[in-house]
Amino acid sequence: MRHLSSPPWPLLLLLLLSSFTSGESSLSAEKNKLHTGGLSRQSFPKGFVFGTATSAYQVEGETHQDGRGPSIWDAFVKIPGKIAKNATAEITVDQYHRYKEDVDLMKKLNFDAYRFSISWSRIFPEGSGKVNWKGVAYYNRLIDYMVQKGITPYANLYHYDLPLALENKYKGLLGRQVVKDFADYAEFCYKTFGDRVKNWMTFNEPRVVAALGYDNGIFAPGRCSKAFGNCTEGNSATEPYIVTHHLILAHAAAVQRYRKYYQAKQKGRVGILLDFVWYEPLTRSKADNLAAQRARDFHIGWFIHPLVYGEYPKTMQNIVKERLPKFTEKEVKMVKGSIDFVGINQYTTYYMSEPHPTTKPKDLGYQQDWNVEFGFAKLGKPIGPRAYSSWLYNVPWGMYKALMYMKERYGNPTMILSENGMDDPGNVTLAQGLHDTTRIKYYKDYLTNLKKARDDGANVVGYFAWSLLDNFEWLSGYTSRFGIVYVDYKTLKRYPKMSAQWFKQLLKRNNK
């Protein structure tokens, strides 16, 4: 039997070289995955803010302790079948106790700011009146620690979570009293936290609140006409419009309080956060172009038009007629110009077309009033790759068009891109979850289009990724993961994904 000796040295050298180069190439492949596509902090103007975003109900947990009152979502999640796997947000990712760990993560990843929301019912368990000082103490701890770590707080006052007490007292957002109660709550927050918080937002996605809560009833408080959803009460033809009217007035009243009593001294600003799906005409036909414009008017225009011009879009006035509330002269003065900046939550784009055949609907409702057909493909070709959520397609050019639309149609207000991101399924393993190269591509492509819009004159001054953490994703519960940090829901341990490392690389400062 021939003796099996070591390979001769030239062969050994060859083997060593090949193993070195293959190791080097796998290292280089990993580096390529973190490649920022030419983007860096220096691609954006000095002072451009990069942050991440979450909301109180989705990340805090501790819903029943320390004096917090229930919100409409605490009641809604208890209805069997409303939330995937009947999940609740009682613990979620427990930021209430782990906020220091989360702020430390933001710092390590080179972010500048954190957009969080304050739970109205944690401050005022009954919606008004008695203050829960333990809740106030929590937000003081969170804000103080952010400031200590050099993370700028962006505080949102309302993210879907109306105090349940107000829903029971006067039907919540359907009651005119909510305008004063919200302004009182906002003023308390300015007075209490405004020495450190200089960036305030009144409402997150108020359109979603009105449409999903009162037109099809799939969100809390679950009201709609029977023709449009499984609701026990509601009126899709009128309630979404009444709710929106009250939301706009509540926003304007809160801004008025800030400008009158706090802005000069605190030197902060107040805005609102609006969701904006870009609607692209399916064809070049006049009918499809009109359908796309109708969709934009009923979507973003419903809120931004009154805030900039003091009235609802003409399209809406002509279609909704007497079902659309009107602003008084005094209200117009309060509403018009009531934004120091506007946040745009931009995730995706859809095709819009004129429905065929066009028939007069039997039942009236907000979505029905659009009279459009949604499309996610053209000539069999999808508009973009789909994320896990059925509504979310990766269409980066829609970001550019949405921002340029705001520039051209609404006087180029100061804007922050206040949410942007994509999800993976909730059941991905840790290894799969960490290797989120699709998310990196999503962020790279969308940020490239944001930069293009900025270069073409859109006044965008900040960008917030949704979300810092995997968390409670409303109807999807824990079956959808939007975070750049993976959370093990059993242990609540945080694991930064590749996308988090990508942001760390992107946001390196020159002196690092």
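Cβ coordinates are placed from backbone N, Cα and C, and glycine is handled just like the others.
In sequence order, HIS159, TYR160, LEU273, LEU274, ASP275, ASN345 make up the list of same-chain residues 6 or more apart from GLU205 (active site, proton donor) whose Cβ falls under 8 Å from its Cβ. Annotation source Swiss-Prot lists active site, proton donor at GLU205.
What Swiss-Prot lists as active site, nucleophile is GLU419, and the listing cites similarity to another entry. Sequence-distant neighbours of GLU419 (active site, nucleophile) (same chain, 6+ residues apart, CB-CB distance under 8 A): ALA53, LEU273, ASP275, GLY343, ASN345, GLN346, TYR347, PHE464, TRP466.
Taking Cβ-Cβ distances under 8 Å and a sequence separation of 6 or more, the neighbours of GLN58 (beta-D-glucoside binding site) in its chain are ALA89, THR92, HIS159, SER467, ASN471, PHE472, GLU473, TRP474. DSSP assigns GLN58 (beta-D-glucoside binding site) to a helical segment in the three-state reduction. What Swiss-Prot records for GLN58, HIS159, ASN204, GLU205, TYR347, GLU419, TRP466, GLU473, TRP474, PHE482 is beta-D-glucoside binding site.
Under the DSSP three-state reduction, CYS224 (disulfide bond) is assigned to coil, being neither helix nor strand. A C-beta separation below 8 Å, combined with a sequence spacing of at least six in one chain, links CYS224 (disulfide bond) to TYR214, ASP215, ASN216, GLY217, CYS231, GLY234, SER236, GLY365. Annotation comment: Swiss-Prot describes CYS224-CYS231 as disulfide bond, evidence class similarity to another entry.
DSSP assigns ASN86 (N-linked glycosylation site) to a helical segment in the three-state reduction. Listed in sequence order, the residues of the same chain lying 6 or more apart from ASN86 (N-linked glycosylation site) and placing their CB within less than 8 Å of its CB are VAL77, PRO80, GLY477. Taken from Swiss-Prot, the feature N-linked glycosylation site covers ASN86 (among others).
Within the same chain, residues at least 6 positions away in sequence whose Cβ sits under 8 Å from that of ASN230 (N-linked glycosylation site) are GLY217. Residues annotated as N-linked glycosylation site in Swiss-Prot, with sequence analysis given as evidence: ASN230 (among others).
In the three-state DSSP scheme, ASN427 (N-linked glycosylation site) falls into the coil class. ASN427 (N-linked glycosylation site) counts 10 other C-beta atoms within 10 Å of its own C-beta, drawing on all protein chains shown. Taken from Swiss-Prot, the feature N-linked glycosylation site covers ASN427 (among others).
Residues or ranges marked as signal peptide in Swiss-Prot (evidence: sequence analysis): 1-23.
When the alpha carbons of ASN204 (beta-D-glucoside binding site) and ASN427 (N-linked glycosylation site) are compared, the span between them is 28 angstrom. Its own atom aside, the Cβ of TYR347 (beta-D-glucoside binding site) has 26 Cβ atoms within 10 angstroms in the protein chains shown.
Around the Cβ of TRP466 (beta-D-glucoside binding site), the number of neighbouring Cβ atoms within 10 Å comes to 21. Those residues of the chain, other than GLN58, HIS159, ASN204, GLU205, TYR347, GLU419, TRP466, GLU473, TRP474, PHE482, with a C-beta within 8 angstroms of the mean position of the beta-D-glucoside site C-beta atoms are ALA53, SER55, ASN345, SER467.
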